[in-house]
Amino acid sequence: MKVGIVGSGMVGSATAYALALLGVAREVVLVDLDRKLAQAHAEDILHATPFAHPVWVRAGSYGDLEGARAVVLAAGVAQRPGETRLQLLDRNAQVFAQVVPRVLEAAPEAVLLVATNPVDVMTQVAYRLSGLPPGRVVGSGTILDTARFRALLAEHLRVAPQSVHAYVLGEHGDSEVLVWSSAQVGGVPLLEFAEARGRALSPEDRARIDEGVRRAAYRIIEGKGATYYGIGAGLARLVRAILTDEKGVYTVSAFTPEVEGVLEVSLSLPRILGAGGVEGTVYPSLSPEEREALRRSAEILKEAAFALGF
């Protein structure tokens with residue numbers, strides 16, 4: 001099975017490397033305006049495959065995306081230190097206007113997996129440009145924020161993060177919503193589990209975890225310029241869900257007819273992901289405060305997309 005990645009920068013190359021380690025694809029094609037960069041990353045990653053799985057990693061052109069089951073869109077300009085994801089919008093929408101038609105010309109049946117920030121608005125841009133059904137344009141959304149939330153809860157509770165079920169919804173960015181009210185550990189409500197574990201969550205603990213999730217990207221960008229390992233692993237996991245028709249539930253971004261009264265907006269909700277992309281949405285139970293926060297997040301994203309005409 002073939003997977004394409006458009007954009008061979010830090011996120012695109014990290015995704016290709018994660019795919020090689022997972023071994024879910026048989027061929028990964030890197031496409032970039034800088035052909036030497038794509039070739040260098042492809043060659044370097046190919047040399048890792050003897051230690052992992054037999055994956056053919058190569059650089060190519062848009063035409064080489066023919067037959068791809070999924071294409072990751074990681075093309076765009078990098079986020080600057082202190083720059084919000086929404087501030088990237090004007091600079092990256094123009095990139096997609098060139099990229100999306102060329103991808104679909106070569107791979108008209110592919111699921112488009114959007115990684116470029118601000119990812120929720122760029123998902124809406126890609127959806128409008130593509131003319132595809134909403135489910136076939138999937139943004140990485142808050143998968144990484146959700147992973148951070150679960151990891152920090154697990155660290156506090158001293159349990160495996162795989163046993164923590166908690167979501168971050170809405171924008172992948174400043175207005176994201178951490179859903180505390182329905183969080184569970186091993187099927188037990190979070191606060192009940194924390195008490196039984198002797199690791200009660202004080203207001204200070206909650207504030208620390210909230211800050212840890214919400215500000216993680218800014219801290220990483222300040223320290224090393226960009227985030228790529230975490231999101232690369234997350235994108236590879238989404239590709240695996242598509243290629244294997246997994247039907248797992250992930251907090252990915254997709255065009256949504258209505259969210260808390262806000263119409264036609266792309267944002268993250270728990271969604272069932274399979275071979276055709278998003279196959280359904282699982283709307284979680286929310287507290288009144290979380291519902292209002294999700295509505296505000298949806299409005300922010302709606303306004304940003306509307307300003308561009310999308």
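Cβ coordinates are placed from backbone N, Cα and C, and glycine is handled just like the others.
The active site, proton acceptor annotation in Swiss-Prot covers H172, and the record cites sequence analysis as its basis.
The 10 Å shell around the Cβ of V77 (NAD(+) binding site) contains 13 further Cβ atoms across the protein chains shown. Swiss-Prot lists V11, D32, Y62, G76, V77, A115, T116, N117, S140 with the feature NAD(+) binding site, giving sequence analysis as the kind of evidence.
Per Swiss-Prot, substrate binding site is recorded for Q79, R85, N117, P118, V119, D120, D145, T146, A147, R148, T227.
Long-range Cβ proximity for H165 (beta-D-fructose 1,6-bisphosphate binding site), meaning a same-chain Cβ under 8 A and a gap of 6 or more residues, is found for R150, A183, Q184, V185. Annotation source Swiss-Prot lists beta-D-fructose 1,6-bisphosphate binding site at R150, H165.
Here Swiss-Prot flags Y218 as phosphotyrosine, drawing on sequence analysis. Long-range Cβ proximity for Y218 (phosphotyrosine), meaning a same-chain Cβ under 8 A and a gap of 6 or more residues, is found for G82.
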*asked:* I need the most crowded of these binding-site residues: V11, V119, A147. Count other C-beta atoms within 10 angstroms of each C-beta and give me the top one.
replied: V119
*asked:* For V11 (NAD(+) binding site), which of the listed binding-site residues (Q79, V119, D145, A147, T227) have their CA atom within 10 A of its CA?
replied: T227
*asked:* How many Å separate the two farthest-apart Cα atoms among the NAD(+)-binding residues V11, D32, Y62, G76, V77, A115, T116, N117, S140?
replied: 22
*Enumerate same-chain residues with a sequence separation of six or more from T116 (NAD(+) binding site) and a Cβ-Cβ distance below 8 A; give 'none' if the list is empty.*
G7, L73, A74, A75, G76, N92, V95, F96, M122
_V77 (NAD(+) binding site): nearby recorded positions from N117, V119, D145, H172, T227, Cα cut-off 10 Å_ = N117
